[in-house]
Amino acid sequence: MKGWGWLALLLGALLGTAWARRSQDLHCGACRALVDELEWEIAQVDPKKTIQMGSFRINPDGSQSVVEVPYARSEAHLTELLEEICDRMKEYGEQIDPSTHRKNYVRVVGRNGESSELDLQGIRIDSDISGTLKFACESIVEEYEDELIEFFSREADNVKDKLCSKRTDLCDHALHISHDEL
């Protein structure tokens, strides 16, 4: 009878490890997809477009302390994007990396009517995947909203790895993931 107890314990540990890895793959993939979507949206804004930031109070000398900042990376624009960006997760599918056997999430729909030349072989596309990816994305936005705004308010290189791996620890295997854009 003792053997069954050890077997149950071992089975529980293995299932727990598998679930944790699946959960990490999901959150890592959601973070990386979120970064891709935000970078694309920011790039679509006219770089000449600005927004006034600062105090709209009139100083005693009659002047105002207002500063013009680029709209694309303004806190107002980023906050607006974060409110709706996770809806884009329905445009992603799940792919198992043959070498690592880990799940990756890849865009399966072109942006703004672009035709997709993507080979969809080996990519699972269904409402369960997009629903769980959207939920993971919303959780990330809720938990890391300040970090997302901080990172995207100024241009930076390698945002995916810096944000998803180093800052949030959502990805432990970021250097091994290829995450191609359409």
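Cβ coordinates come from backbone N, Cα and C, glycine included.
The feature signal peptide is assigned by Swiss-Prot to 1-20.
Residues or ranges marked as domain 'Saposin B-type' by Swiss-Prot: 24-175.
All protein chains shown were included, and the count of other CB atoms within 10 Å of the CB of Cys28 (disulfide bond) stands at 28. Residues annotated as disulfide bond in Swiss-Prot, with sequence analysis given as evidence: Cys28-Cys171 (among others).
According to Swiss-Prot, the disulfide bond annotation covers Cys31-Cys164 (among others), on the basis of sequence analysis. Its Cβ taken as reference, Cys164 (disulfide bond) is surrounded by 27 other Cβ atoms within 10 Å in the chains shown. A helical conformation is recorded for Cys164 (disulfide bond) in the three-state DSSP classification.
The disulfide bond feature in Swiss-Prot is assigned to Cys86-Cys137 (among others); the stated evidence is sequence analysis. Other Cβ atoms within 10 Å of the Cβ of Cys137 (disulfide bond) number 26 in total over all chains.
Sequence annotations record features per position, and here Swiss-Prot assigns phosphoserine to Ser115.
If you look up Swiss-Prot, you'll see 179-182 marked as motif 'Prevents secretion from ER'.
Counting only the Cα atoms, the space from Cys171 (disulfide bond) to Cys86 (disulfide bond) is about 18 angstrom. The Cβ of Cys31 (disulfide bond) lies under 8 Å from the Cβ of Ile140, Lys160, Leu163, Cys164, Thr168, Leu170, Cys171, each of these being in the same chain and 6 or more residues away along the sequence. Rounded to a whole number, the C-alpha distance linking Cys86 (disulfide bond) with Cys28 (disulfide bond) is 14 angstrom.
Following the DSSP three-state reduction, the secondary structure of Cys28 (disulfide bond) is helix.
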